[in-house]
Amino acid sequence: MVSSQCSVANKNQTGKPFQKHLSLSISPPKSVLGDNLELQFSDVFGPMPEANSEEACDVAYDEPAVVYSRSHSLVGPSLVVSHSLKMNKLTLRETEDSVDLVECVEGESIKENDEFSGNDDTDSEKSPEEVSGVVGIEDFEVLKVVGQGAFGKVYQVRKKDTSEIYAMKVMRKDKIVEKNHAEYMKAERDILTKIDHPFIVQLKYSFQTKYRLYLVLDFINGGHLFFQLYHQGLFREDLARVYTAEIVSAVSHLHEKGIMHRDLKPENILMDVDGHVMLTDFGLAKEFEENTRSNSMCGTTEYMAPEIVRGKGHDKAADWWSVGILLYEMLTGKPPFLGSKGKIQQKIVKDKIKLPQFLSNEAHALLKGLLQKEPERRLGSGPSGAEEIKKHKWFKAINWKKLEAREVQPSFKPAVSGRQCIANFDKCWTDMSVLDSPASSPNSDAKANPFTNFTYVRPPHSFLHRTTSNL
């Protein structure tokens, strides 16, 4: 998994530039300035749940805790350019370890100093020839850096034989193993192979070398939702309605496949050339079974559901809370809970939420349903799942069949000049050298290698292949 978070030396500074900029964004009409509707959520939500949350579900999935602070997207611009430059320098210094074995990205190819292999997959069950269309690093030309995370970088690349443009996540095995994130990384790759939806970024290829893992995905160059929200301040309800409907459709698809995303936030939602949203970054996603709970602490603090914060186990209902926070942010310009990590977590569990009066009654009702502190009472958690959200009166104008056929056009389209356009990416990334930091070799024992059977090639008849091949 490549983390969506940059290293920050001073945690107390996290969120301050973000809060400052959003607070200066577009304001509602003067007649409602400062006039917020304070919800008595004890009436809506009922009393706080008891400490025991295991009555109906078995606790499962004992995983390492992964809690992100609000930061930039891996395949989009960062919040604040000057702040992201500072974080970028800190990240580079942290990752440039002194090691003997080196693999680097340079110019058109990726070179390993001691050994070159186009696809050094340690799959013992099948040879590369048995995987039709298998690719290696020599099949791609590296163009630009478009993101960086805890385990490596994200590049804009061109496939040499077709000239198609992709995003390539390059992740260091030594860092993944060191942080005990191998299971998250394997889950991300496995989950991406099972998804085919018009509003979810697709995995096209995956492979590995001795030192690194590679995920080759759709390159979505309209920027991420936060980038547009940052520039526009907040969205009109009609535009937010389309975006939210597309997000609901994507999350519903995941839940039908038995997958929780667990890190829904504007930085993980991209925009394509037509203005449609594209859900990305499945580094914290988890496959689940009904009537089981994940007992891990994971996600981005501002978007965590109360049950995750309490550490009492969570299920797919946690995603619907995050959708509610996303909608709140789209309509108001900022998430409902701000402050330090600890303060935000306290507010999530205990505080009332204030809804501005300028929002429609229907928007109020939907937010109340999604932001239920008790997961069993949350909209979308019932037997009909996402259908009760889709039938909500705020979505009355949405034709869901047309929406999922990409026939409902958002009123806003990002400025994109072509498939290779990087105008919607922060220059702190695109001006970065494509030279990658050194990487040491992980445990070479094949029995201990957690990355076997990593190679993947997406079949040609996927949804996005059909809809974008003629662009």
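Just so it is clear, glycine is given a Cβ too, placed from its N, Cα and C backbone atoms.
Record features (Swiss-Prot):
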| type | residues | note |
| --- | --- | --- |
| ACT_SITE | ASP263 | active site, proton acceptor |
| DOMAIN | 140-395 | domain 'Protein kinase' |
| MOD_RES | SER296 | phosphoserine |
| MOD_RES | THR455 | phosphothreonine |
| REGION | 1-21 | region 'Disordered' |
Original post:
Could you tell me the C-alpha distance between SER296 (phosphoserine) and the residue listed as 'active site, proton acceptor' in angstrom, no decimals?
Top reply: 13
Subject >> Euclidean distance between Cα atoms of ASP263 (active site, proton acceptor) and the residue listed as 'phosphothreonine', Å >> reply: 25
Original post:
For the residue listed as 'phosphoserine', what is the secondary structure state per DSSP, taken as helix, strand or coil?
Top reply: coil
